[in-house]
Amino acid sequence: MVFAFFAFSKLLVQPKILIFSKTSGFYHTSIPKGRIALMQLARENNMEADTTTNPAAFTDANLKNYAAVIFLSTTGDVLNNAQEAAFERYIQAGGGFVGVHAAADTEYDWGWYGRLVGAYFLNHPKQQDAVIQVTNRKHISTKHLPKKWKRWDEWYSYKNINPAIKVLMNLDETTYEGGKNGKNHPIAWYHEYDGGRAFYTGLGHTDESYVEPQFLKHLLGGIQYAIGKNITLDYAKAKTQNVPEDDRFVKTLLAQGGFTEPTEMAILPNFDILVGQRRGELMLYTQKTGEVKEVANLNVFFKSTTMQGPGNAEEGLMGLAADPDYATNNYIYVYYAPADKVVNRLSRFVFRNGTLDKASEKMILEVTTDRHICCHTGGSIAFGPNKLLYLSTGDNSTPFDKPKSKYVNSGYAPLNDQPGDKQYDVRRSSGNTNDLRGKILRLKINPDGSYDIPQGNLFPKGTEKTRPEIYTMGHRNPYRISIDQKKNVLYWGEVGPDARADSMATRGPKGYDEVNRAAKAGNYGWPYFIGNNYPYREFDYATGKSGAAFDPAKPVNNSKNNTGLTQLPPTTPAFIWYPYDESRDFPQVGAGGRNAMTGPVYYSEMFPAATRYPSYFDGKLIIYDWIRDWIKFVTITPDGKYDKMEPFMQNAKLASVIDMEVGPDGRLYLLEYGKGWFTKNPDAGLSRVDYLAGNRPPKVSNLEVDKLNGNLPFTFTASLTATDPEKDALTYIWTIGNETKETKEPRLQHTITKAGDYKISVKVQDTEKAFSTSNTVEVYAGNAQPMVNINLQGNRSFYFPNKPVVYNIKVNDPGAKVDMKNLHVTSDFIQGRDLASASTGHQIISEAIQGRNIMLNSDCKACHAITEKSIGPSFTEVAKKYQKDTRAHEYLASKIIKGGSGVWGGNVMPAHLTMPEGDVRQIVTWVLTLADAGNAKASLPASGKITPALNEQKKQENVFRLIATYTDNGGPGGISPLAGSGSIYLRNNVMDVRDLTQAQGFARRDSAGAAYLVLPNNQGVIKAGQLDLNGINRLELTAFSGMRPGTYQVELRSGKPNGTLLAQAQMNLPGNRQRATTSVPLQKNGNGNGEGSGSEPLQDIYLVVKQQQSGGRALLKTISFIPE
């Protein structure tokens, strides 16, 4: 290099640069060449340079040492929120930034960074020559370049281009193929930003770039611009606050274990908390005593009895809120499904002195509903700062496929308006301007309980074929809403559909959950659009023919079930959207099941200084996900656009947060549903998030107990890990039922000699008496849980077409004789993640068996027989009498506990006040299953063969599941029965690349609803997961060649990418976009093929692909595991 500038030779301090090249997405193989070149540029030009891939370098203390920071082809989400804040402060203090090539493919959900770098990567075509028009030849980075500069590179197109950038060079799109920016296609620029200086060049993809003199001189000039005068950074100018330490936020448990399907809560001025439960109970947590008790019970419809088998329709007591003036009027608002009328009702009640006055009910509004179907209720209630009431409603439609139908929803928008199929037509509700379902309503509640229509709703009062209550429409399931109490902006989480892949040519986009924002009334698209206004298509369910994609500017409702306007308002895209798989737009949300919720917008000034959170959070929206168990803060720009997302309480253990509110003290309160579906969960609870400005309590990990049950005497060992931020000595105070023990070690061994349930927890306390309390673990002494093992003959990872799954189930019940009548075995396929799509039938059967055995160990059998009348009616008679009563569970449970007479004659039924409520409910569940044996799916035998149905095998995303549950008989003296279960999960033997989330060296491509992996230019590695290769003969790789023939070496390895070689072959692709299948035979070496015993531990399996002859952009589609 011969172009040293010595621009800084007169400065007393050499400028120092930091070269940062971390990637969490695509890795550019040119990065090492770039680092070497930049280090040499620094040496030759009187600069110091450090290089790192460690984001921990982004702190105030470290960054202040650098005049410029270079992002060298970084990709993805590379900094956490604290590091992002440090980098913002660095730029605001006067620091410099240089972005090279893929720096624009970085931090998509950090708007500040996007404006700093100047644009985000959109896409790129193949590498090729192009002509650069150098539009500014006076800048230090371009003054050596010709007006037109022809060179070979990978040419990015850009999105979200910051209008404030000063363009240095443009790409001439007429000189190459694949540009997307048109005549104004910037490829290098600079600008001053937020107190600092930023330079970006889109060049630098290739290795050759970093030995090219003109490019290196261009890059050096950009660095010199970013360094500027190399003045000392002035952190007094930094506006961004440092992120409060995560461990200063502590989740304090208020109540746990006493809730059954909690839905929404209302925090009262005295910090008592009302909690609504789906089955109709209104629970009250009393702040002074910590007690939770039932204070009212509304007669609600909460269980569908006409669906196929036992099922839940999600309705019941859905929403709850206190009046803004509760302190003076004692009003609360409830949204519920009354059992005696097929509507969902919004009512106002008086709740005073711990009592709900049912006679005070003022019915405000009723929403039409279709019952005995599933799903989507909405039901959240919130008040704005102007005291207007907002109510969300769901689309009241079935997202699942209609049984025995040729053309079905398949997880896309339900648009079926054929006669008799209205539950599969969301246009009748969400897309209907004359229907209140699938909407968020806004009402002005009058003192007498009536309501008026406020100004600014979507349709003025009196507009034909509309309902004036509607504020926003086009919703699927807006399950939780909130209102910005300063700006009066509505936010909500939208639970989205289940399609796993785009099918843009036939049906529409894959499913997304959404977080939405409405500063004014509007249409939010469902069922015509999802996510960023991705359009669905018209679809004829009679013929299977697809129609045109819907137009967001002019959506039309032409459903036969529509009673509203045909021409709908234009649609607004989602604020945040994310699918089941990883999101490129919002990478922090992760992957997996999803259920988006919104909490409040936080403002510290509204709350007392002693308990509020730091002002760092001011104006930020809190969002959370019920399934993924995270909480995030979202920063919003002054004009209402998404800017940034950051995690909150990342190490807190959450159990499906279903509601969140800020209390009068400025602290977050969390209502957790628990991890089970439609049941009373032991981890359902109420908690508060405290901010600790001073001494912090110890950090505790999850309490673990080595045995959860056992015969007497029962000895267990409990342990956890605890640390103290201030390094104080710790004391451990253990609670075992009613007994306490103190230790100086985080471990306890204890023996229980009396049968019963015991709750175990530990309080960890430092020397200043600050403490943290662990989670609670319940153990049962007196009976050991049965062990159920499912043994498979053959492969343990896959099921195969037309090949039976051969299984054998063994049960071991320590200390007891095994009764195989108590074994229940089922098989099914699991697909989709809607709330009500969980397979509940098996859970009900196993709970019923346990309920029967509890009954047999109680005094119930003295008065009742199963089928014959005794002193009292038979259990079967009871079941038939109450089988259509939606209140049967609660009524019969109360009857067993409290006793009674007069229903079946003069005999008195004794009370069972000491019987645990959980046991009572299980007995009732068993009794009610006797009414309809058809609801109980018959058990499979303990050993046998199952051939997966062909129609299920065609769905590659399906997983075959076999579950076996055994419930023992308990024992005399009140020993409760226990259940044990085992399960196996087998996936389809064809792996689509969409499911291969751990692929390095491959680029991803989606086209016409299908996903592909672009084969690597050099080497790529796919981690296929932990797999059993027993009985596998070969792999078959299906790929589509590029325009030219290509050759690749394919290797299958175990343990690690360079681990034991299991198979290898050459993949020869013919060119001309042809489909090709490559067979890769497994070696007969005992490493997982047919010679294995089937009991070896599973190993990580890696597919390594090495390019030998480039064939252009060849695409890998599937990997099939073919049996012998």
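Glycine too: its Cβ is placed from the backbone N, Cα and C atoms.
In TrEMBL, annotation is done automatically, which means it is predicted and not curated.
Fair warning: this is a prediction, and the values are worked out from it, not measured in the lab.
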Report the candidate from Met787, Met909 that shares the heme c site with Cys860, His864, as recorded in TrEMBL.
Met909
For Cys860 (heme c binding site), which of the three DSSP-derived states applies: helix, strand, or coil?
helix
Measure from the Cβ of Cys860 (heme c binding site) and count the other Cβ atoms within 10 Å, all protein chains considered.
19
Around the Cβ of His864 (heme c binding site), the count of other Cβ atoms that are within 10 Å:
21
Model confidence over the domain 'Cytochrome c' (846-931) (mean pLDDT, whole number):
70
DSSP-assigned states of the domain 'PKD' (697-779) in counts, ordered helix, strand, coil:
0 helix, 47 strand, 36 coil
The record lists Cys860, His864, Met909 as binding heme c. What's the largest Cα to Cα distance among them, in Å, rounded to a whole number?
11
